[in-house]
Amino acid sequence: MRKRKGSADHDSSFTGTVLEDSSDLKQCHEKTDAAPEPGGPGTEMGRRYRRGGLMWRLKKLLICVLGIYIAIPVIIKVCPSIQAKLVFLNFVRVPYFIDLKRPQDQGLNHTHNFYLQPEEGINIGVWHTVPSVMWREAQEKDAEWYDESFQSSHPVILYLHGNTGTRGGDHRVQLYKVLCSLGYHVVTFDYRGWGDSDGSPSEKVMTSDALFLYQWIRQRIGQKPLYIWGHSLGTGVATNLVRRLCDRGTPPDSLILESPFTNIREEAKSHPFSMVYRYLPGFDWFFLDSIAANDIRFASDENVNHISCPVLILHAEDDTVVPFQLGKKLYDLAAQSKSLRGHKVQFIPFPSSLGYRHKFIYKSPQLPNILSDFLNAPHPHV
């Protein structure tokens, strides 16, 4: 009996030991499971690894950005034709889905679309918008009627647009509507390489195309008033054109410059796109000399010394594309020009509070009065 009891006690003791050992084993497993692996995400080594990987990725990104930053001026210097494309931006056609053969789609249902050839094999697209007072009469009329409409007493404005887009750009269309509502014929076109016009752009062909259109209009209107209106890059074309006309002794009746610059070199240096490179050593050599290599100057500051007709300059103070000070500088040069003595030279600034920026001066309710006062004539429809 004692043995049995002892045996039982022994068994009981053994069982307890086994249970205790099992508990220890379980705790051991729990500790083992909870312990992080060396280099795991929860360890200091893992955190250092993650930080190191992030830093390496940031370094690679920085190296890529720096490489692109350095490569761009080098590529432009080696291939200066790229810089010409950046000046003209004729490949940027905004809005994209516009049929230039249908100006009525833009609300210009008294506008005729046609094509002219400044030289053999080159067609340029042209719009002729008649004054609003002729709107009803213009419906369903053919090219001959529009051609004969130039015989009316209404004066004509030849509009020279800037870079990017086409003659159907929205801000341009809105200006046509304002001008034709004031009683003007408006003739505008796309230079070679823009819109649906053939050829490739250059300062020389842009100016020659403008001269061709001017002469084409003059043949149809005789001695009636013909004004030239240039906007942005078109102001450089306009001063080139007017200088040629004045050198020939046949100046236009007036020149209107909206958001003009002094010359393309100063404009390129002031343009927002050049901001990241403006203070780069060799900026002039890389970028500005590349523009000159393409024979692009648009030197309005020189042209005003050869112009002999009234000049009106319109510029918004909040213009970020062509800085206001360039328009003001051009006016100061024009006001001192010997060739412009005896001619009206006027500068109209538009305060920043109006928000007209680079291309919304057409919104000004004062524009009709500004034009009437400058041209010394009431608007033709009045």
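One is the number of the first residue shown, and numbering goes on along the chain from there.
Every residue, even glycine, has its Cβ placed from backbone N, Cα and C.
Keep in mind that TrEMBL annotations are predicted by a computer and have not been checked by a curator.
According to TrEMBL, the features are:
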- 1-46: region 'Disordered' (REGION)
- 1-12: compositional bias 'Basic and acidic residues' (COMPBIAS)
- 23-34: compositional bias 'Basic and acidic residues' (COMPBIAS)
- 58-76: transmembrane segment (TRANSMEM)
- 155-260: domain 'AB hydrolase-1' (DOMAIN)
If we skip the immediate neighbours and take only residues 6+ beyond the ends of the transmembrane segment (58-76), which ones have a Cβ under 8 Å from one of its Cβ atoms? 82-83, 276-277, 280, 282-283, 286-287, 290
Could you put numbers on the helix, strand and coil content of the domain 'AB hydrolase-1' (155-260), residue by residue per DSSP? 46 helix, 21 strand, 39 coil
Averaged pLDDT, computed only over the residues in the domain 'AB hydrolase-1' (155-260): 97
